[in-house]
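Undergrad: Pulled these from TrEMBL:
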| type | residues | note |
| --- | --- | --- |
| BINDING | Thr33, Gly34, Ser35, Thr36, Asp89, Gly90, Ala91, Asp92, Lys102, Gly103, Gly104, Gly105, Lys129 | substrate binding site |
| ACT_SITE | Glu111 | active site, proton acceptor |
Amino acid sequence: MTAELSPIDRAKYAAARRSVDFVEDGMKLGLGTGSTAAFMVRALAERVKAEGLKLTCVATSSRTADLARELGLTVVGLDEVRWLDLTIDGADEFDPNLNLIKGGGAALLQEKIVATASDRMIVIADAAKAVAQLGAFPLPVEVVPFGWQTTKALIEETLYSLDVLNRDVALRLDQGKPLRTDEGHYILDLDLRRIGNPRQLALVLNQIPGVVENGLFVDICDIVVVGNGDGKVTVRDINSGRIEDGQVDLGEGANIFADLGD
Ligand SMILES: O=C[C@H](O)[C@H](O)[C@H](O)COP(=O)(O)O
């Protein structure tokens, strides 16, 4: 079954599978959004079933909440628990300092709130998401629909004042209409090619009226678990500097992949 999966999906599964080893009984857990996070939710549900773990989960999107509930996980609102032990989520890019671009799946707002309210954040990714400098992936910025074109112009002016050379800003569409986030906002994708100073850009963008949040996660992620198509995984902890290599048995994913219909 796993042989039919693309190498990228095997890499995502490997990272996801390894990440759930960090989950302990009784934890309050943040569940990320996206294809890698979906593998994690499935791997987590298998562990919960097999070991009878008692977990309280907070989802970062309606999609993740639906999937987690469907798989029998207990999902509550963030305000019911206030603080989480751990959040596991995907990313669109991560740099050597474990700063991230997130929001490719339009869930960056809830993702940032949940990750910030967690003792630790683990990012799970295939190796292609590792970059020397953030920015090849267009940076998602969530804006309110009211006056969004004015907000877009203000963002462009701000990028100009920061000497950002490439500053293409595009409204994200879904079937020809502006994509709406779970909160009803729009997403502007900033194609910047290179982000020299993610901390500065994140702060400046959030000063612009109409901007709700941006997809730069600076100093939020603690651990990255990087998966490869052959099941090899590397765990890197930015706080301790520890790097650990391991291997995930891709055959263990057979149930999960079968559920996906692959
Ligand atoms: O809004 C979506 C999230 O930030 C995702 O975690 C991110 O886009 C990575 O998604 P995927 O695992 O599908 O590449």
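Every residue gets a Cβ built from N, Cα and C, even glycine.
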Undergrad: Those binding-site residues, Ser35, Lys102, Lys129: which ones have a Cβ sitting under 6 Å from ligand 1?
TA: Ser35, Lys102
Undergrad: In sequence order, which same-chain residues at least six apart have a C-beta under 8 angstroms from Thr33 (substrate binding site)?
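TA: Listed in sequence order: Ala59, Thr60, Ser61, Arg63, Thr64, Asp89, Gly90, Gly105, Ala107, Gln110, Glu111.
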Undergrad: Relative to the Cβ position of Ala91 (substrate binding site), how many further Cβ atoms are located within 10 Å?
TA: 28
Undergrad: Please identify which of Ser35, Glu111 has the densest Cβ environment, defined as other Cβ atoms within 10 Å, among these recorded positions.
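TA: Per the Cβ count, the most surrounded site is Glu111.
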Undergrad: So of Lys102, Lys129, which of the binding-site residues has the fewest other Cβ atoms within 10 Å around its own Cβ?
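TA: Lys129, out of the binding-site residues Lys102, Lys129, has the fewest neighbouring Cβ atoms within 10 Å.
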Undergrad: So around the substrate site, Thr33, Gly34, Ser35, Thr36, Asp89, Gly90, Ala91, Asp92, Lys102, Gly103, Gly104, Gly105, Lys129 aside, which residues have their CB within 8 A of the centroid of those CB atoms?
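TA: Those within range, site residues removed, are Gly32, Ala37, Ala107, Glu111.
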Undergrad: What is the maximum Cα to Cα distance, in Å and rounded to a whole number, among the residues Thr33, Gly34, Ser35, Thr36, Asp89, Gly90, Ala91, Asp92, Lys102, Gly103, Gly104, Gly105, Lys129 annotated as binding substrate?
TA: 16
Undergrad: Any idea which of the binding-site residues Asp89, Gly104 has the thinnest Cβ neighbourhood at 10 Å?
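TA: Lowest Cβ count within 10 Å among the binding-site residues (Asp89, Gly104) is Gly104.
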